[in-house]
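Q: Input: one structure, supplied below.
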Amino acid sequence: MATEDTKREIGHDEFDPVGTLVLIAVYFVILVVMWIVMWRIEFIGNGPTVIG
Amino acid sequence: MDIHRFEKGWLVASLVLIVFFIATVAYVSAVTGIDMVDDSGGDIDVDNVNQHDNFSDPGVEHVGENEYDAYVIAQQFIFRPGSEPFGAIRIPANSTVNFHVTSQDVVHGFQIVGTNVNTMVVPGQISEITVEFNEADEYGILCNEYCGSGHADMGGSIEVVPRNEWNGTDGGDA
Amino acid sequence: MAYVDRRPLEARVVRVAFGAAFLFLGLGGLGGLIQSLHRTGYFQFIGEITDGNYYTVLTSHGVFMVLFFTIFFLMGAFTWALTRSLDRDLNNPRMTKYWITSMCVGAFLTSLAIIGGFTNAIPIEANVLYTMYAPLQAHPLYYIGLTLFVTGTWVAGYDWISTYWGWRSDNPDERIPLMAFMVLTTMLMWYILTVGIAIEVLFFLIPWSLGLVNEINPTLTRTLFWYFGHAVVYFWLLPAYLLWYAVLPKLSGGRLFSDPLARVVFILFLILGTPVGIHHQYLDPGIPEGFKFVAMTNTMFLLLPSLLTAFTVVASIEHGGRQRGGKGYLGWLRTLPWKNPAFSGMALAGIMFAAGGFSGMINAGMNINYLVHNTIWVPGHFHLTVGTASALTFMAGAYWLVPQITGKNLAAKKLAAVQPFLWFVGMTFMSNAMHRAGLFGMPRRTSEPMYDAFSYDPAIGTVGEVNSQIALGGVILTVSLGIFLYVIVRTWFGGEKVESPVDAELPPAMSGPEHSPRVLDNLKLWVGVAVLLVILAYTVPIAYIATDGLWSGSETYPVVVDALDTLEVLL
């Protein structure tokens, strides 16, 4: 399958996965934002809470 | 070891994220006073729950200025008090309530619906949790651990009533 | 030459394991459909609440899916992976025959005990759900079947390890090939993590269910269960990781980005996978807070191997997309072979795993767990992880492996191409709605989440809207599952045998084993570290819990109780 479709060869040394870097950075931002939203809005705003 | 520089960066970012998560848990607990359910409630003999000093007559007791103890028995498939026919757990407004919940049969859960009040109820243990209630309100309670064929019926309610409408015999005694 | 011709005996074992896996997948899926329609109120045909039939379905859905489907698939996939990567037959055909037989018999007996719950004609039932918390009790057959099943996996592990020893004596200086390395580390983790369930079942549940002892300590058996019950999720996940690292780069037209990091990831699971189980008991009384905090810290650090995997696997796919002509920052995403279900299934499973990772991070937060514990948020989470990251990857893997073990071309290719996308859409509806419902307090594990005493108060949307999405998702997932089974059956039993049904070549990693330190292959060292960490994390909690007694605490309580009788006594 894949071998017929191959259009160009990229070796190890010249390969910088910039697309992966972009995707993973976006994921990181989503995680941090969602984490803060969950804590501030869903959890802390959801009282009463167990305090002892 | 040969690691690409992007991946080294991601490794560091991942570790920062993990430390940040753990720090959030510790920080929020410190600031808001959220406390974990633990072994503070002590043990109880499952076969003699109904003879236990505090659980032989479960319900809400006035124990301090604004402080109340609520003793609740979870059993297949009701809360006593909390579920019909025992009536709601009645609590005065603006109070601090120490719930003591135990099971006289299998594992149950005790959750005040739509809040962060949530604990397992394991036979042989007393789950002790402290909760502050402000103005008068009504809450649902439910069992959130499968406890047998009638599990889906195991719900009830908590009524937080104005202080002058609550009296000592009104604790939802069963 | 196809795998079936090169190693006919092993191919046969893989076929038996896959056959069993897909049978249980189908049965478990049927249970899932019934649940999603029943608890949302759309279609309730299974009995009244009093006979507990919903929980018979729920037990079968859980056990069939997460024990039998996943583990049978793992057995097949690992047999293939080990023999292929060592280029060697299994060591001992008699041993192989023993473990596959033991697992099949065990799964059959346990299934029989569960299905017995549908009828009163035979006095056998096991409505205890997958977690089997005492003092709810199942028929002894249930526990005995599980014992045969798990001991079968132990023998399988030994079969593979002894095959590796044979290879090692012929190749004293070689690095362990990557797939064999993954199989070995996963099985070593499995030996460590099944200690908990073995002690629970052999020393407590079986004697108690046979009436040899009368009482049981519910906190102790819960803790032993979760010693196993969390770590087992990595046993479901690691075969998917194996496919993502070893096969997915090839399917995308590229090569694995880094062999050394793949090894590091599996070692991290081996050493950190087990000492985390107490995070399922954050809300247990009878367990001091300190033990819970230790479990949380270990759990959070277990995010590391998965976060690393995200990078390595996506980078390998990006390499494939660029080989196929993709340009720019994200242009390579468009050139990937999305029409190949083996590729699209694994890639979509990875995307869902990224979302499931987030809800898992919330579950892991010791105190924010109050918000979600035992709500339907939790099944929302694990239907993304085991229910998609593992299950959809396994289905995608089957599109590539079943042709190799049968020597047939994949049938109904156009239908197969749609199947992973349907799964993705169905799961998006169902899981998203489950997460949201959990946040307003709807519980999991119940036939009927509506109560007389109160109603829910969702901040966004309505209960009816959430339920409709769960039911719709369940139906779409069932259609997707039906298509999968149809394609597999058509492939397996139709068509002519061909010489080479798929391109089974696996290209070497861009950064190969020569770039990783040899210490990574020192399995004895890593097992030692893993055992040490388990001892550190569990000795004190178990000793503390056991002071309440080993065979004392709770008697047996039946699942089906006439609640009115109980009330009359009290009133």
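Each residue, glycine too, has its Cβ placed from N, Cα and C.
Values in this document were obtained by computation on a predicted structure and should not be read as measured data.
I grabbed these lines from TrEMBL:
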- C:30-520: domain 'Cytochrome oxidase subunit I profile' (DOMAIN)
- C:54-78: transmembrane segment (TRANSMEM)
- C:98-122: transmembrane segment (TRANSMEM)
- C:142-167: transmembrane segment (TRANSMEM)
- C:179-206: transmembrane segment (TRANSMEM)
- C:226-248: transmembrane segment (TRANSMEM)
- C:260-280: transmembrane segment (TRANSMEM)
- C:300-321: transmembrane segment (TRANSMEM)
- C:342-362: transmembrane segment (TRANSMEM)
- C:382-402: transmembrane segment (TRANSMEM)
- C:414-434: transmembrane segment (TRANSMEM)
- C:470-489: transmembrane segment (TRANSMEM)
- C:525-546: transmembrane segment (TRANSMEM)
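How buried are these features, and what lies next to them?
A: Listed by sequence, the residues of this chain that lie at least six past the ends of the transmembrane segment (C:54-78) yet keep a Cβ under 8 A from its Cβ atoms are 13-18, 20-22, 24-25, 27-29, 31-32, 34-35, 38-39, 46-47, 100, 103, 107, 110-111, 114-115, 117-118, 125-130, 146, 149, 153, 156, 160, 183, 186-187, 232, 235-236, 239, 242-243, 386-387, 390-391, 394, 397-398, 401, 405, 445, 447, 559.
Counting only same-chain residues 6+ beyond the ends of the transmembrane segment (C:142-167), those with a CB under 8 A from a CB of the stretch are 67-68, 71, 75, 78-79, 82-83, 86, 88-92, 95-96, 98-103, 105-114, 126, 128, 132, 176, 180, 183-184, 187, 190-191, 194, 197-198, 201-202, 205-206, 209.
Panel annotation: around the transmembrane segment (C:179-206), residues 78, 81-82, 84-86, 132, 134, 140, 143-144, 146-147, 150, 153-154, 156-157, 160-161, 164, 167, 213, 216-217, 220-221, 224-229, 231-232, 234-235, 238-239, 241-242, 245-246, 262-263, 266-267, 269-270, 273-274, 277, 521, 523, 526-527, 530-531, 534, 550-551 of the same chain, lying at least six beyond its termini, place a Cβ under 8 Å from a Cβ of the stretch.
Within the same chain, residues 66, 70-71, 73-74, 77-78, 81, 131, 178-179, 182-183, 186, 189-190, 192-197, 200, 256, 262, 265-266, 269, 273-274, 276-281, 309, 312-313, 316-317, 342-343, 346-347, 349-350, 382, 385-386, 389-390, 393-394, 396-397, 400, 506, 538 sit at least 6 positions outside the transmembrane segment (C:226-248) and bring their C-beta atoms closer than 8 Å to a C-beta of that stretch.
Within its own chain, the transmembrane segment (C:342-362) has Cβ neighbours under 8 Å at 240, 243-244, 247-248, 251-252, 300, 303, 306, 310, 313-314, 317, 336, 368-369, 371-372, 377, 380-382, 384-385, 388-393, 395-397, 399-400, 417, 419-421, 423-424, 427, 431, 435, counting only residues six or more beyond its boundaries.
A Cβ distance under 8 Å defines the sequence-distant neighbours of the transmembrane segment (C:382-402), meaning residues of its chain 6+ beyond its ends; these are 14, 18, 21-22, 25, 65-66, 69-70, 73, 76-77, 80, 233, 236-237, 239-240, 243-244, 247, 251, 341-346, 348-350, 352-353, 355-357, 359-360, 408, 410, 416, 419-420, 423-424, 427, 430-431, 434, 484, 487-488, 491-492, 502.
Counting only same-chain residues 6+ beyond the ends of the transmembrane segment (C:414-434), those with a CB under 8 A from a CB of the stretch are 36, 339-341, 344-345, 348-349, 351-352, 355-356, 376-377, 379-381, 383-384, 387-388, 392, 395-396, 399, 466-467, 469-470, 472-477, 479-481, 483-484, 486-487.
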Q: Where, among C:98-122, C:260-280, C:300-321, C:470-489, do we find the most CB pairs under 8 A to the transmembrane segment (C:525-546)?
A: C:260-280
Q: Do any residues, 6 or more residues outside the transmembrane segment (C:98-122), come within under 8 Å Cβ-to-Cβ of it, and if so which ones?
A: 13, 16-17, 20, 24, 51-53, 55-56, 59-60, 63-64, 67-68, 71-72, 75, 138-139, 141-142, 144-153, 155-156, 159
